[in-house]
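Swiss-Prot annotations:
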type	residues	note
ACT_SITE	Cys876	active site, glycyl thioester intermediate
DOMAIN	574-909	domain 'HECT'
REPEAT	64-93	repeat 'ANK 2'
REPEAT	130-159	repeat 'ANK 4'
REPEAT	163-192	repeat 'ANK 5'
REPEAT	196-226	repeat 'ANK 6'
Amino acid sequence: MERAMEQLNRLTRSLRRARTVELPDDNETAVYTLMPMVMADQHRSVSELLSNSKFDVNYAFGRVKRSLLHIAANCGSVECLVLLLKKGANPNYQDISGCTPLHLAARNGQKKCMSKLLEYSADVNICNNEGLTAIHWLAVNGRTELLHDLVQHVSDVDVEDAMGQTALHVACQNGHKTTVQCLLDSGADINRPNVSGATPLYFACSHGQRDTAQILLLRGAKYLSDKNGVTPLDLCVQGGYGETCEVLIQYHPRLFQTIIQMTQNEDLRENMLRQVLEHLSQQSESQYLKILTSLAEVATTNGHKLLSISSNYDAQMKSLLRIVRIFCHVFRIGPSSPSNGIDMGYNGNKTPRSQVFKPLELLWHSLDEWLVLIATELMKNKKDSTDITSILLKQKGQDQDGTSIPPFEPPGPGSYENLSTGTGESKPDVLGGKQEASADCQDVISMTANRLSAVIQAFYMCCSCQMPPGMTSPRFIEFVCKHDEVLKCFVNRNPKIIFDHFHFLLECPELMSRFMHIIKAQPFKDRCEWFYEHLHSGQPDSDMVHRPVNENDILLVHRDSIFRSSCEVVSKANCAKLKQGIAVRFHGEEGMGQGVVREWFDILSNEIVNPDYALFTQSADGTTFQPNSNSSVNPDHLNYFRFAGQILGLALNHRQLVNIYFTRSFYKHILGIPVNYQDVASIDPEYAKNLQWILDNDISDLGLELTFSVETDVFGAMEEVPLKPGGGSILVTQNNKAEYVQLVTELRMTRAIQPQINAFLQGFHMFIPPSLIQLFDEYELELLLSGMPEIDVSDWIKNTEYTSGYEREDPVIQWFWEVVEDITPEERVLLLQFVTGSSRVPHGGFANIMGGSGLQNFTIAAVPYTPNLLPTSSTCINMLKLPEYPSKEILKDRLLVALHCGSYGYTMA
């Protein structure tokens, strides 16, 4: 009866408290009953359960083998913690990682738990498996108030973890100022190194902790490197911590020059150095001028080293340009002051800011004299010999006994007389054209061109940084004009110099024209790389389409009105952000990424030429499109043309191909290339043939009675449009017919669609600068925008006709098709362009190729062979005039020469 009553009472208590009132007999089950109560600090319930239980309060459970005392300390359950301590819980019991309850209380800032643990003799000096004590945890988290209480119980405040780091190390690294002061006040060793030799100051600088570094330096911390020689300053510069560098320089002024010298270290990230020097230069005008003057001096020294032929060109070139880039960056962002702004130092102003360029004048003087010297020798060779292809520098490599002769050093200021006398064993003799080159002679241009060009690049950068954006320094223009012949000699010898060092051409149209013929002769691939290098210069992420985007930057468009909705969102979007990356999402869809962007461009490229918008009309061959001169039927046509330009500019910027092809004349408009009468064939082949006929024949006695005016249909009414002022009264004659043809071409191909072209270019140039796109011709621009079309050679052969003596089985024809199979896809496209004027095959294949009068098969006509004769073409009738070459090798050579030399144009069959 008594036992039954006891069970009834237990049942009643359990139901009232909604929990068990007795612990299970085994510790494993019991501990999981108690743990949630301990975490909630339900000390009465825990006390009641423990009162009649044999539960071991030090029982370790779980994967990390912690006791309930660990749980209480970790959660801040102070009442349960005291209860467990009174029940005999061990305050120094370590879990599997070596942590005691005191470690956990310190890590989580549980002050009351820490105090109670210390009352019950918790050992503050116990280290966990990583060597960390409770004091380390307080230092890591900056719990200064708790640290004050704990250090009173610590026997050694400099106790080390497994890496030899003390609490002071970690407090400095995490920037906890009051914690650092508390540890120092408690006797922490301010210069104690860890196992790698890193001091607390080193740790503070590694994370740019300016305030803790200042506290350490104020208290006498030594400036020491680690065992690998890495200094606190090295760490500050590597992280771009300008404020911390400023503190170091305040206490160690000698470090200023160390930072300046670091600009020569190519292992340091340039943008980090810029950040540091930018911060330092903002502190005062005098500091700003000091930095610039020091950088100018270092640049001058490096520049003269670069001009030394015995130096390592690659290393010195990179060093000079790196220093100059940093110099120019700092110059532009000087400290705020009433006089701050662009300082035209090269235009005669003698202000303090312009004077920072003075040390560089020594380098520019050496550059100028080098170029004058080479120009003099070029002139001498022109007079002395018909062979002026090289200037030779005689220099002995070794004497007969094997003794090395000192290498040639370029002249420094005041030493040019040695170069001209040629006296002394180690001094060079500049040979005239009449002297015979020996095996030990070197081409002076080959030896110096790259070096001098790199210095020219540095000179341009320094000139430009003093000019307002978009303006070219008059001094630099004068310099290029003065040395025009030598610079052209450089690039003729080594065209790569243009891509490596003559970047100024892209920013100076007045100079670009001098070198354009050389640039256009360079491989398409090299020009593409140069194009994108400068197009994306300064952008933070080269993987543009994949860069993370802000939700506000996503282009949200509707599929059912993709053209109009895209036009609206693109017009409102930030242009700079669109250059950096594109993110597109279709309304009501979740998908994003490159696939969606690709689909967006594909759909838009089809919509741009959708007849419903009346923006473009098909050309005569049915494969290309031309702006519609009557697009004004759409009230928003100019806005849409601007949008079309934006889309093509964006596609080119992000290397996304569009599924659309334009007429040659429209590509020319984009490039700024004048159109000619041959371009008329794309919209009116018969009229193009008539213009060709006028040019090819004498019209003096034909009585055509043409004037410099034409009749044009303007919305159903015929109007006479003069080709030039008073054109209606000016007769077309044999003498002025070429002008007439050009003017009528411009009317048909340009004037009639000028507003549309202007609107398109306005959008296109938002993303593609005119100076960059002019690197290409109209065929290459098509390739950039739309990619390489595929050509089915078997279909080509099947739909080819032969005339003037050729038949399908002739050896020359067999060789021709073998060559077509052998050449690259790019060269096949060139061949198709060469003969038909188009790079694409129309829908349905070669059977549907159009000529001047309708369908016209590709035709090969025989031409008598003469040595070096090139193939020609008549594009109006798709005819290749192929000489009867004696071998396949000669045929291939002559054909490729014709294709790559751009022998395009119309001839009459």
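Including glycine, each Cβ sits where the backbone N, Cα and C put it.
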Over the repeat 'ANK 4' (130-159) the mean pLDDT stands at 87
Could you tell me what the rest of the chain brings near the repeat 'ANK 5' (163-192), counting residues at least six beyond its ends with Cβ under 8 Å?
131, 133, 135-136, 138-144, 147-148, 151, 154, 157, 198-201, 203-204, 206-207, 209, 211-213, 215-216, 219-222, 224
Going along the chain, which residues at least six beyond the ends of the repeat 'ANK 2' (64-93) come within the CB cut-off of under 8 Å?
31, 34-35, 37-43, 46-47, 50, 57-58, 99-102, 104-105, 108, 110, 112-113, 116-117, 120-123, 126
Could you put numbers on the helix, strand and coil content of the repeat 'ANK 4' (130-159), residue by residue per DSSP?
16 helix, 0 strand, 14 coil
For the repeat 'ANK 6' (196-226), what are the same-chain contacts with Cβ under 8 Å, counting residues 6+ beyond its ends?
163-166, 168-177, 180-181, 184, 190, 232-236, 239-241, 243-244, 246-248, 250-252, 255
What are the DSSP helix, strand and coil residue counts for the repeat 'ANK 6' (196-226)?
16 helix, 0 strand, 15 coil
Residue counts in helix (H, G, I), strand (E, B) and coil for the repeat 'ANK 2' (64-93), per DSSP?
17 helix, 1 strand, 12 coil
